[in-house]
Amino acid sequence: MYPLLETINSPADLRRLPRAQLKALADELRAFVLDSVSKTGGHLSSNLGTVELTVALHYVFNTPEDRLVWDVGHQTYPHKILTGRRDRMGSLRQFGGLSGFPRRDESPYDTFGTAHSSTSISAALGMALAAHQQGEDRHAVAIIGDGAMSAGMAFEALNNAGVHDDCKLLVVLNDNDMSISPPVGALNRYLAQLMSGRFYASAKNVGKQVLRVAPPLLELAKRLEAHAKGMVVPATLFENFGFNYIGPIDGHDLESLIPTLENIKHLKGPQFLHVVTKKGQGYKLAEADPVAYHGPGKFDPAMGLQKSSAPAKRTFTQVFGQWLCDMAEQDKRLVGITPAMREGSGMVEFHKRFPGRYHDVGIAEQHAVTFAAGMACEGLKPVVAIYSTFLQRGYDQLIHDVALQNLPVVFALDRAGLVGADGATHAGAYDIPFLRCIPNMSVACPADENECRKLLSSAFEQNHPVAVRYPRGAGAGVEPEPGLQPLPFGKGEIRREGSGVAILAFGTLLYPALQAAEKLGVTVVNMRWAKPLDTELLLKVAASHEALVTLEEGAIMGGAGSAVGEALQAAGLGKPLLQLGLKDEFIEHGDPAKLLALQGLDAAGIEAAVMARFGSVLQPEKSGKPAKPALKSVA
């Protein structure tokens, strides 16, 4: 089925192929990617768009000696297939299987781990300068998309790289006019002008002449260097950064890509190659709707994505999106902000209904946070919809620009906790620890969809910054009540009365805690707020129970359990305390339910942990053991 591809077990095999066979190989590679992703789920559109570019890079450069650094990394399936992992693609994004992103511990061809955007140029520059310092003759190539190029970090790296005339650095701009959502901002308009301007047609023709009427390589390299500015718009933005800019060229045309890359290898100083690709290339359904096919689940390629006949549970993202529209209808001060995650964060409907109050700032989390702060200074009520893992990138702005000035910005933190197939790079494991230590900041942890809507309303009515964290996907299936009624600020509730031990649940783990409690006979408290902690309720529960257990889908170290321990200590209460949450480790990709079970955070794991630590204080009929004297404090 894949006669050429099955002969390629490494890029060395690829480089032994005659150039005339590369087009056929690319076709097989694209078909293999489509077949693989349709069976496992994963990123599709971006990978179909990078097939020829991947083939060309591995064909021209001596990988892994020459370093390829893939920005974001979700477009690396062709790269993985060509670098000896073809037979493992059936395990993609599954527990114990291939990662959906580059990982240094997975292959020597994955020279730098990526998953968050805009890091590739910095890493590749570091590699290029390290090679130069150590006297090693190798290239470093950063492959970055036009969406990722909009981030400040990419421009910081360009600014630094442009002064190093002695490094062998190539930046390949993969211009597919898409990030996850369509890219926005002045840079995108600038690239569009390069593509559509009157100069482009003649530039492209000059480029073809230089490439096809080819003298010997050394002479051609000199001509390319001399004529580079004649191939594109003069004094481009990237040339002003100190790069030699070449392009745009067709990123699906191997006859253009390979000679261009071969010639660039002989040029001195930092090089910038602008290639134009199409997301979903070669699969008509993905070409027509690259957003829908950005990260599909399993599907039949012949039929395409199909809507499920079974009614789907409402996701937390959808609950947020509906709340945002409803609150915007009621309060004209509300503005919605997203760093390039309109679809992922549930803001499509808000954008349609309130276009003048919707702001997609691009992949620019630092800017998004301070932009929101500026709006709050002028009396608006900004809501920043952002994944928990991406808020990490705007941490200084969170402290310096929002919290220090005590500005009323709401942070809707999607993908809090484990995220499943995307793995450690996307896990929202750290938001409670890094948020609760900031003065003026509050953190809400809804247990279900109804609480999510109400706690968003609670957050919105505050005059200081508040984050509401909620997980990916659906929850317990509790239908949100209509209206915009808030829950009391900083207050929890007792959900189940028991004895001996009380489980203090923060967020959606309330429901497995309730399941475990039915067998254990213990009390369950829905804490709702990691900050401010409901200390009144906490001390009341502590006084009437012999031991406490905290439960959170987040890092144990510094998390909500730590907050409970601090509060008990401040009150002078020595109370046995068991903290359950995510362990001090990076948690691999896999099925979310399996990952929670492995962390001991499903109902069975919670029951086992409580029994192991506090079985002696449970009712004899629950523990299966004779009653024992009360525990002494270990706090």
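Each Cβ is built from the backbone N, Cα and C atoms, and glycine gets one as well.
Quick look at what Swiss-Prot annotates:
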BINDING   His74, Ala115, His116, Ser117, Gly147, Ala148, Asn176, Tyr283, Glu365  thiamine diphosphate binding site
BINDING   Asp146, Asn176  Mg(2+) binding site
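Projection of Swiss-Prot feature records onto the structure.
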| residue | record | Cβ contacts under 8 Å, 6 or more apart |
| --- | --- | --- |
| His74 | thiamine diphosphate binding site | His43, Ser46, Asn47, Gly100, Phe101, Ala115, Gly295 |
| His116 | thiamine diphosphate binding site | Val72, Thr389, Phe390, Arg393, Thr425 |
| Asn176 | thiamine diphosphate binding site | Ser46, Gly49, Gly145, Asp146, Gly251, Val276, Thr277, Lys278, Lys279 |
| Glu365 | thiamine diphosphate binding site | Pro339, Ile386, Phe390, Leu391, Arg393, Gly394 |
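Neighbour counts of Cβ atoms within 10 Å were compared for the binding-site residues Asp146, Gly147, and the top value is held by Gly147.
For the recorded site, His116 (thiamine diphosphate binding site), the DSSP three-state label reads coil. Looking at the residues that bind thiamine diphosphate per the record, His74, Ala115, His116, Ser117, Gly147, Ala148, Asn176, Tyr283, Glu365, the two CA atoms farthest apart are separated by 32 Å.
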